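A.B. asks: If you scroll down you'll find the structure; I have some questions about it.
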């Protein structure tokens, strides 16, 4: 990932040189705090495009990639230099909130105003197709019998979102000794799945989007989707809720705006983003890239983010990631 | 037979005028991007992604363009390694070891031709492997667990000792410093910052390309400054001559061996081109260094890493296409692009998107021929770089390096870091410590540590997992054998040096 750092300058340079185009001056800017190609980049590029297409902003939205510190570099930059800019939106997701919950950003959550989430990748719990585990109940029974006998893995570090939502599920199932559960980090969900197919690990907790191909091919079986409702593309996958575990594990995609803007500006952004969410263009873009369109905006979203941060901090403390 | 008809269908997809145009321009752009210090395949591919969106190419055309750039970079990276002793990208580090000495001996055109042909052989053999065995190999690679990866990296590090070899202690020191630098950043296992001194810029660790450009390009200009510009020219005795077939032919067996090694390294997700070129070089050196010519401009020392890294690039496409698992940084960027274009990677890609997969495979064959044809005449142009006096050339190279590094990270911090590495590189050169092991420590150290940590996470901290699988045990046995042969060879060399009758001369 880090090798792919920063296309912005490179792509601007290349676009400038190769197309001979003059720099575009855009009133509205969306910062993706990552390299091109990732989830934050997708958020900015697709939402930015639709904002322009629907005439919700003047001209086009300029997308800037500013990678570093899993979003921390951008967070610090916006707080210090763009704190009252009404024309700036910044992509974020559950990953950014995890970092904040674990104290890895330079300032607390309240530094920014959280506008809305427009879609989410749904977390799933997967096992190999030949695994004896058939349901979350089976999994919980196996964990409780011997936590060290079930090796779990995903695409985040210990204390990252893939890990935390699995632990939230375990907690909901009455398992408290969270530290005893073995967790292995891989670079991506598909890496974890192939290691599971190779017999190195037993259970994968990650986003469905990246591993959907393995579900279709029948190489793996999903024990539960961590969503409120069944996933439209895979209606047969049972949710954790339907199995009696009240846990959701969305990796939502949304936007924050600088903390120093007026309430009118904030409300204006929430309204424009709602228009984007309701458009057919967004519904297509989201489902096309494996997301489930889900809306939470305004004060409801801010409350949701605060609650999520708290849940993450609690689990992180429980497993000793933070004090 | 079925494969052949599918491949035939692929050619019919690839041979559209648009795809051919993309293929040729991608190869050309890739060669240039690869040749520039600071810009490598990852950046090359990433730079072009917004373009593919802007022009609205379909997924097949986009993938053909990006793969042509990818292959082109692998060909291009060697050029500045050979001519300037500055690797154009990470996998080209090994090519400096014998490529630059060849150029200094006045054999720059030979070196460029050999590396061009070697790249062609590596890439073509890998593409054939991809055509015939992709799904099979991908299914086999799955059984490689974290402990096996760790054993593989141990093997790579054990062989590094043989690279430079003036003083093994200095090589070891250099590699260890590289490994230490690799630990900077967020710890992948737990996400906790290590050695970052509360600087967010260091959270993502030290980018290998920043270190690489600093260590090689910046230190080069410092050395030059020290010479006080008096020796105006040290590279004038250059003349273009047609590459000699006799020299190229001599390197073919080396290319063949290196292709197999590189291809196997490429198939393993995460190992990639750098590991491919390192293993190819060190193993070839062990096989062919009977007359102690490696490191002094042996043509096989140029052919092996180039075949190795090109074969690894082809191999890395196998896990990407058959499983949706990126085998290298570049394929990770390509996968992200496919997802954005609504193509679902994964085990069913071959069945669901035959046009895309087989069109790509066919275009890889064509890209290889294009690159070979492009590269041989271009030797005459590239070689003129050497006629530019060093005092004029190096500042330009450094300027390109600054732009390249800034374009990767968009941060001033990386420029300071690069200058810091330049000073470090200068001091090390003064102390006769080779820089290559340090870069390798940095490049391979991260994955080596990650896999050790993964293995121990699986076993709950029980170290016996490291020798629990037959694959790992086999790799350790090979490493032990390799080390034993090295010791035996160096003892034999010592005896030979005592006996002037056997003193080895250069190859030509």
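Just so you know, glycine gets a Cβ as well, placed from its N, Cα and C.
Curation does not apply to TrEMBL; its annotations are automatic.
So TrEMBL has the following annotated:
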TRANSMEM  B:20-39  transmembrane segment
DOMAIN    B:20-440  domain 'DUF112'
TRANSMEM  B:45-71  transmembrane segment
TRANSMEM  B:111-137  transmembrane segment
TRANSMEM  B:149-166  transmembrane segment
TRANSMEM  B:173-193  transmembrane segment
TRANSMEM  B:205-225  transmembrane segment
TRANSMEM  B:246-268  transmembrane segment
TRANSMEM  B:323-344  transmembrane segment
TRANSMEM  B:356-383  transmembrane segment
TRANSMEM  B:389-408  transmembrane segment
TRANSMEM  B:415-443  transmembrane segment
TRANSMEM  B:463-489  transmembrane segment
A.B. asks: When you check the transmembrane segment (B:356-383) against the transmembrane segment (B:205-225), do you get at least 3 Cβ pairs under 8 Å, counting only pairs 6 or more apart in sequence?
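C.D. replies: No; fewer than 3 Cβ pairs under 8 Å.
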A.B. asks: Under 8 Å, at least 3 Cβ pairs, sequence separation 6 or more: does that hold for the transmembrane segment (B:415-443) versus the transmembrane segment (B:205-225)?
C.D. replies: yes
A.B. asks: Sequence-remote contacts (6 or more beyond its ends) of the transmembrane segment (B:20-39), Cβ cut-off under 8 Å?
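C.D. replies: Hits for the transmembrane segment (B:20-39): 14, 47-48, 57, 61, 64-77, 79-80, 84, 86-89, 92, 209, 212-213, 216-217, 363, 366-367, 370-371, 374-375, 378, 382, 397, 400-405, 407-408.
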A.B. asks: The transmembrane segment (B:463-489): which same-chain residues, six or more beyond its ends, come within Cβ distance under 8 Å?
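C.D. replies: Sequence-remote neighbours of the transmembrane segment (B:463-489) are 143-145, 147-148, 150-152, 154-155, 158-159, 161-162, 283, 286, 289, 452, 455-456.
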A.B. asks: Please work out which recorded stretch in B:111-137, B:205-225, B:246-268, B:389-408 has the most C-beta pairs separated by under 8 angstroms from the transmembrane segment (B:323-344)?
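C.D. replies: Ranked by Cβ pairs under 8 Å, first place goes to B:246-268.
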A.B. asks: Counting CB pairs under 8 Å, which listed stretch among B:111-137, B:205-225, B:246-268 touches the transmembrane segment (B:389-408) the most?
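C.D. replies: The stretch I would name here is B:205-225.
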A.B. asks: I'd like to know the mean pLDDT over the domain 'DUF112' (B:20-440).
C.D. replies: 84
